[in-house]
Amino acid sequence: MDTANQLASVGMFQVLKLPLGFIRVLEWLFAIFAFATCGGYSGQLRVSVDCMEKASSNLSIGIDFGYPFRLHQVAFEAPMCEAMRRERVFLAGDYSSSAEFFVTIAVFSFLYSLVATVAYIFFLNKYRENSQRPLIDFVVTVVFSFMWLVSSSAWAKALSDVKVATDPDEVQLLIPACKDPTNRCGSVLGPRWSGLNTSVVFGYLNFVLWAGNIWFVFKETSWHKGGSRLAGSAPDKQAGTFDQQPYSQGSFDQPSEYSQVGGPTSYSNQM
């Protein structure tokens, strides 16, 4: 606690009150929420198969799935409604690429936000002294904002497909016994999507944070500072030209005074 108080008294944590540091902390937190809600998801659905031969029926078939949503590898046992026989049925679809891409962007943005926040707190002077570091920070911020938009859009589309593939009514169509009209199949329990829906929301919120932080990082670069110097030097030049005008007017007024003095002199000579 003493060390933290000393650092706070020195003013190292003042950068967290600025948009540059405060938004980085939000990016760090929202990245955690994004990959935790997506990468830590596990769901379950249940369907029932009521065979004409009641002994072969199974009224609660549990199907578990989760990240990274390789549904074509998820299998469950379903009755064939023939002499107590069962068969292995697989779900349809592979949505691991979009899910893993989304989680990867979240993990890397979490790491970069953490490193950038530490650099702002303890090495802000060195960060501003070297013109290359703000430029690198600016480029990385632009890239991450774009990647968040792409990954969130891809994951939102994949999530909608996952919802369709794990719909109990769709899963019943994969069971051969359910195609027989003499057997009755139904849905018992559907998956809960609140966690995955939240991950998509956090994905787009991360995009908003990273895109909004582009301006504040750009203000630290030499591009912005150089443009500010050029804009400030232009009024000074204009003021300098206006200050020179009284001297130029005075130089034109001076010969008139000599002409007035010279007038009477020439008249006395005539006399």
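Using the three backbone atoms N, Cα and C, a Cβ is placed for every residue, glycine included.
Annotation comment: TrEMBL describes 241-271 as compositional bias 'Polar residues'.
Annotated domain 'MARVEL' per TrEMBL: 15-222, in sequence order.
The region 'Disordered' feature in TrEMBL is assigned to 229-271.
Residues or ranges marked as transmembrane segment by TrEMBL: 21-42 (among others).
The feature transmembrane segment is assigned by TrEMBL to 101-123 (among others).
Here the transmembrane segment (135-156) has Cβ contacts under 8 Å with residues 38, 98-99, 101-102, 104-106, 108-109, 112, 116, 127, 199-200, 203-204, 206-207, 210-211, 213-214, 217-218, 220-223 of the same chain, all six or more residues outside its ends. What TrEMBL lists as transmembrane segment is 135-156 (among others).
Marked as transmembrane segment by TrEMBL: 201-218 (among others). Residues 18-20, 23-24, 26-27, 30-31, 33-34, 37, 102, 106, 109, 134, 137-138, 141-142, 144-145, 148-149, 151-152, 155-156, 224 of the same chain, all 6+ positions outside the transmembrane segment (201-218), place their C-beta atoms under 8 angstroms from a C-beta of that stretch.
Summed and averaged per residue, pLDDT over the domain 'MARVEL' (15-222) gives 93.
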